[in-house]
Amino acid sequence: MPSNRYSSPLLFSASQSTAPAPAALLPWLSTDGSLTAMLEAKSGQPLLVTRSFEGYRPLTLAQKKQLGIQGQALNRPLLAWVREVQLYGDDELPWITAQSIFPLKSLQGRARRLQQLKGTPIGYVLFKRSRTLPNQRLIQHTTEGWQRQTRYDWYGRRVLISETFLPQFCQKLLGI
Ligand SMILES: C=C(O[C@@H]1C=C(C(=O)O)C=C[C@H]1O)C(=O)O
């Protein structure tokens, strides 16, 4: 078994709608590997990333808890670098909307390049050296669609990435 193989506990949120996730969507919701790689394999072309926001924001209490922050640090203001994007396959409408949150201490060393990605998918960087990453994941159904929130452990640095699978992706590609 490769050393970096990691089986992440899949958590389904209690607030999830009564209907389970569609079987066709599960591989996309649950992969331990790069979603970028899966999307590019599906579309047959490089992922197009459009940015709607990139900059510093204070972490919310919920985000601090999702990142595993505990104790007094929960009550202290904590800045993070936030990136909000839309991901396009071979379609004029976006397939995924995503938000990535990097606590400042996760941006040290070579991780600093995560602030200069521009249109490069984060997945190219996160999964450059390993096909899977240790992670913990929450899956829920929201008003925008099925969503997964993943806390990745990227060589000791924690990153929180949330992706929502938009109707265009689900209806057109998976027939659901
Ligand atoms: C985290 C990954 O990167 C994807 C690319 C993103 C970006 O460029 O902002 C955001 C979310 C991901 O769907 C991945 O490939 O799994």
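Cβ atoms here come from the backbone N, Cα and C positions, even for glycine.
Lifted from TrEMBL, the feature list:
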- Arg83, Ile122, Glu163: substrate binding site (BINDING)
Other CB atoms, at most 10 A from the CB of Ile122 (substrate binding site): 22
Cβ-based neighbourhood (8 Å from the centroid) of the substrate site, residues Arg83, Ile122, Glu163 excluded: Val85, Ala98, Gln99, Ser100, Pro121, Gly123, Ile161
